Amino acid sequence: MNGTEGQNFYVPMSNKTGVVRNPFEYPQYYLADPWQFSALAAYMFLLILLGFPINFLTLFVTIQHKKLRTPLNYILLNLAVANLFMVLMGFTTTMYTSMNGYFIFGTVGCNIEGFFATLGGEMGLWSLVVLAVERYVVICKPMSNFRFGETHALIGVSCTWIMALACAGPPLLGWSRYIPEGMQCSCGVDYYTPTPEVHNESFVIYMFLVHFVTPLTIIFFCYGRLVCTVKAAAAQQQESATTQKAEREVTRMVVIMVISFLVCWVPYASVAFYIFTHQGSDFGPVFMTIPAFFAKSSAIYNPVIYILMNKQFRNCMIMTLCCGKNPLGDEETSAGTKTETSTVSTSQVSPA
């Protein structure tokens, strides 16, 4: 084996030289140079600096502006809450442990950090699924005269919590476990060891299929059908400038969403699956650290895509920051860009 396994940890380095130490008790500077740990801490600080304001502002602006309290925006708010979970309970912990060079908070802290990081990530991922399904049902109309209302939104939000807890909870209850990963400064599910006493392999397979492949498939299906529907509508109404604009806006949003999803999550999932299928092989600590930390940047990408690209949200944010005035003068224009398209007409194709 090219790693060192101990109680509640796995260090991706052989202990033949005797230098490997418990990542809960000693700095891990034999895995990487101190400046690399400092770079991770600086990166996490940047994510906190960007992620907290934009997600908190999303919640604050929605509470302040009644016109934003629409069923579809419940999902957007849930997305912001998920990102705040990641920022407050995951990023802050990882920043501090990176500054110290090891997971200073012990096994209990590792379980807490791993749980909230996984919970936040899964809540965000399943929120994207609910948004994709909502867009598909409203625009593609597989059910005629369907109106996405408050009840549907609350059901969607509840589903994101149920699915997130179904992924983040089992390692705390004895099905798999959370351990330090990569450079040992953040915690995640144990992909590294079979650990039969906690049925680790079955949980990783379950997590990969149910909580990664399934949502990815749903998102691609829904947005793929959405693009086809918009193109078909544009072909039937060649002279409709509104439809042409809707096609461009929806297509742009879909492309950005898909790219950001792939950039954030596929590297992490791919590396995790490789480690799981090649347990005991030789790979360095940075091999898992880079994709794991990069996946955390989804806390910034998501609100940019689903909120800042929406004129109504954007203008309300500007008005809040500018004490009720919009220096861009788009108040009236923004009113026409409806976030609540899912609650109104079923006869038009409308971008989110």
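Here the Cβ of each residue, glycine as well, is placed from N, Cα and C on the backbone.
Sequence annotations record features per position, and here Swiss-Prot assigns N-linked glycosylation site to N2 (among others) based on sequence analysis. Long-range C-beta contacts of N2 (N-linked glycosylation site), restricted to its own chain and to partners at least six residues apart, with a cutoff below 8 Å, comprise P12, M13, S14, G280, S281, D282, F283.
Neighbour list (N15 (N-linked glycosylation site), Cβ cut-off 8 Å, at least 6 residues apart, same chain): T4. The N-linked glycosylation site annotation in Swiss-Prot covers N15 (among others).
Within the same chain, residues 28-29, 68, 76-77, 80-81, 83-84, 86-88, 91-92, 94-96, 98-99, 101, 183, 185, 289, 293, 296-297, 299-300, 303-304, 307-308, 313, 316-317, 320-321 sit at least 6 positions outside the transmembrane segment (37-61) and bring their C-beta atoms closer than 8 Å to a C-beta of that stretch. Residues or ranges marked as transmembrane segment by Swiss-Prot: 37-61 (among others).
Over the topological domain 'Cytoplasmic' (62-73), the average per-residue pLDDT in this prediction is 82. Positions annotated as topological domain 'Cytoplasmic' by Swiss-Prot: 62-73 (among others).
Swiss-Prot lists 74-96 (among others) with the feature transmembrane segment, giving similarity to another entry as the kind of evidence.
Every protein chain shown contributes to the tally, and the Cβ of C187 (disulfide bond) ends up with 34 other Cβ atoms within 10 Å. Sequence annotations record features per position, and here Swiss-Prot assigns disulfide bond to C110-C187 based on sequence analysis.
Residues annotated as transmembrane segment in Swiss-Prot: 111-133 (among others). Non-local neighbours of the transmembrane segment (111-133) in the same chain are 72, 75-76, 78-79, 81-86, 89-90, 93-94, 105, 156-157, 159-161, 163-165, 167-169, 171-172, 178-179, 186-189, 211, 215, 218-219, 222-223, 257, 261, 265, 295-296, 298-299, 302, 306, 352; each lies 6+ residues outside the stretch with a CB under 8 Å from one of its CB atoms.
The annotation topological domain 'Cytoplasmic' is assigned in Swiss-Prot to 134-152 (among others) on the grounds of a curator's inference.
Counting only same-chain residues 6+ beyond the ends of the transmembrane segment (153-173), those with a CB under 8 A from a CB of the stretch are 71-72, 74-75, 78, 82, 111, 114-116, 118-120, 122-123, 126-127, 129-130, 133-134, 189-190, 203, 207, 210-211. Feature annotation from Swiss-Prot assigns transmembrane segment to 153-173 (among others); the stated evidence is similarity to another entry.
According to Swiss-Prot, the feature transmembrane segment maps to 203-224 (among others), an assignment based on similarity to another entry. Away from its own ends, the transmembrane segment (203-224) comes close to residues 122, 125-126, 128-129, 132-133, 135-136, 163, 166-167, 170-171, 175-176, 189-191, 254, 257-258, 261, 265, 269, 272-273, 276 of its chain (Cβ-Cβ under 8 Å, at least six residues beyond either end).
Per Swiss-Prot, the feature topological domain 'Cytoplasmic' maps to 225-252 (among others).
Residues or ranges marked as transmembrane segment by Swiss-Prot: 253-274 (among others). Residues 125, 128, 188-189, 191, 204, 208, 212, 216, 219-220, 223, 226-227, 287-288, 290-292, 294-295, 297-298, 301-302, 305, 309, 351-352 of the same chain sit 6 or more residues outside the transmembrane segment (253-274) yet have a Cβ under 8 Å from a Cβ within it.
Sequence-remote contacts of a segment are chain residues at least 6 beyond its ends whose Cβ falls under 8 Å from one of its Cβ atoms, and for the transmembrane segment (287-308) they are 12, 40, 43-44, 47, 50-51, 54-55, 58, 76, 79-80, 83, 86-87, 90-91, 94, 117, 120-121, 124, 128, 131, 181-183, 185-186, 188, 253, 256-257, 260, 263-265, 267-268, 270-272, 275, 314, 317, 352. What Swiss-Prot records for 287-308 (among others) is transmembrane segment.
What Swiss-Prot records for K296 is N6-(retinylidene)lysine, and it gives similarity to another entry as the kind of evidence. Classification of K296 (N6-(retinylidene)lysine) by DSSP places it in coil, neither helical nor stranded. Packing around K296 (N6-(retinylidene)lysine) is summarised by its Cβ count: 23 other Cβ atoms lie within 10 angstroms of its Cβ, all protein chains included.
The topological domain 'Cytoplasmic' annotation in Swiss-Prot covers 309-352 (among others).
Per Swiss-Prot, the feature region 'Disordered' maps to 332-352.
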Under 8 Å Cβ-Cβ from C110 (disulfide bond), six or more apart in the same chain: what's there?
N8, F24, F103, Y178, I179, P180, C187
Give the helix, strand or coil assignment DSSP yields for C110 (disulfide bond).
helix
